[in-house]
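K.L.:
After the structure tokens below, expect a handful of questions from me.
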Amino acid sequence: MGRFIFLSSGLLVVFLSLSGTGADQGCLPDWTLYEGYCYKVFKEKKTWADAEKFCKEQANGGHLVSLQSSEEVDFMVHQTFPILRYDFVWIGLSDFSRDCQWKWSDYSKLFYKAWNNEPNCFVCKTTDNQWLRRDCNRQQYFVCKSRVPR
């Protein structure tokens, strides 16, 4: 009986420590689940290419975040603002090949847009739904996104 209570208590502690992190839904620890994807804000600055490479190394299928709706942008702003305050984060949209073909790094289709014309990679403000083009070699904070593993 004592072993059963100890084991049950241990499982409860593990469950409570994982709840709310997305881990109970298949996300890595410290990643947040939203609409079938896992997200993580990184509070370190990298160039666009280095941030994209880093995201690929963090999670299977990971990339810089692609934003497909205003609701997803609102979710991301809700995640980034408490951590980064008034700043910008790299998103996965770029014209890295400089051929005027804007593409998401995860190869998803570009349906939703919120920008003005400037350089070749994009940041999103941490306070609202505004995208700005930036020089890809500039160092910025970033958000990674990956599908929930099946």
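Every residue, even glycine, has its Cβ placed from backbone N, Cα and C.
Below, the features straight out of Swiss-Prot:
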| type | residues | note |
| --- | --- | --- |
| DISULFID | Cys27-Cys38 | disulfide bond |
| DISULFID | Cys55-Cys144 | disulfide bond |
| DISULFID | Cys121-Cys136 | disulfide bond |
| DOMAIN | 34-145 | domain 'C-type lectin' |
| SIGNAL | 1-23 | signal peptide |
K.L.:
Between Cys144 (disulfide bond) and Cys38 (disulfide bond), what C-alpha distance do you get in Å?
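P.N.:
Per the Cα atoms, Cys144 (disulfide bond) and Cys38 (disulfide bond) stand 8 Å apart.
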K.L.:
Take every residue in the domain 'C-type lectin' (34-145), average their pLDDT values, and give the whole-number result.
P.N.:
86
K.L.:
May I ask you to report the DSSP-based helix, strand or coil state of Cys55 (disulfide bond)?
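P.N.:
Assignment for Cys55 (disulfide bond) reads helix.
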K.L.:
Including all protein chains displayed, how many Cβ atoms other than that of Cys38 (disulfide bond) lie within 10 Å of its Cβ?
P.N.:
26
K.L.:
State the count of C-beta atoms found within 10 angstroms of the C-beta of Cys55 (disulfide bond), not counting that atom itself.
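P.N.:
So the Cβ neighbour count for Cys55 (disulfide bond) comes to 26.
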K.L.:
Quick one: pull the CA-CA distance for Cys27 (disulfide bond) versus Cys136 (disulfide bond), whole Å only.
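P.N.:
Rounded to a whole number, the Cα-Cα distance is 28 Å.
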K.L.:
Whole-number Å only: compute the distance from the Cα of Cys121 (disulfide bond) to the Cα of Cys38 (disulfide bond).
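P.N.:
A Cα-Cα distance of 22 Å.
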